[in-house]
Amino acid sequence: MLTIAGVEFESRLFTGTGKFSSSQLMLESIKASKSQLVTVAMKRIDLKTGADDLLSPLRQAGVRLLPNTSGARNAKEAIFAAELAREMLGTQWVKLEIHPDPKYLMPDAVETLAAAKTLCERGFIVMPYVHADPVLCRRLEEVGCAAVMPLASPIGTNQGLVTEPFIKMIIEQAKVPVVIDAGIGTPSHAAHAMELGADAVLVNTAIASSASPIEMAQCFKDAVDCGRRAFEAGLGRVQTQAVHTSPLTGFL
């Protein structure tokens, strides 16, 4: 069982809500994934007009909402978005995202750390999206973040675990849950992240852009489950030298 800020999750697959062709398809895919924590971009929510109504179907599904600050270019904008989410959605939880560069969407480490410190002081449960930087993740943990979310590769690229060496370091030293976010493009990527010891993964594009999002959501669910079970079972040690599986003496 995964625990974040005192809340238990049976599923270690978190999902997003972007890029689906319809709200109904999004809802069915989330149900198929068995995800219990779903991210929602604050910039997509308009309670006055009801445009792109995500909230009603998600609440009907019984999932916990994780509003994110995607679109924020600095700490000030991210803090404003988080406060807005708390007021509109009634939740302290926030996925902190600050990426001022619209081309590569790389997270701004300096602004993220500053925003995280302020939000934690204000009582938010902060889950920051960051580059796979072990030092930064430790600093975020020290200021009170409930989890860290290092990227596997750039958002939406489906490149997989490009940052694997650094993710291993983060997992090794972290005292809070490590959720691998961004760039996970296939179920095998998700399984591998779990085999490394990640506590959870967040997947959006790979499911939403699939030819069959509902089926792909089920595939990711199974992959995450198998990857976690393999990690808990204990993976064999990787070696460069061959090791005999049967004795070479006693039968000749």
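Using the three backbone atoms N, Cα and C, a Cβ is placed for every residue, glycine included.
For the 1-deoxy-D-xylulose 5-phosphate site, Swiss-Prot lists A182, G183, N204, T205; matching the candidates G156, G234, G236 against that entry yields G156. Secondary structure at K95 (active site, schiff-base intermediate with DXP), as computed by DSSP, is strand.
Once Cβ contacts within 10 Å are tallied over all protein chains shown, the binding-site residues G156, G183 are led by G183.
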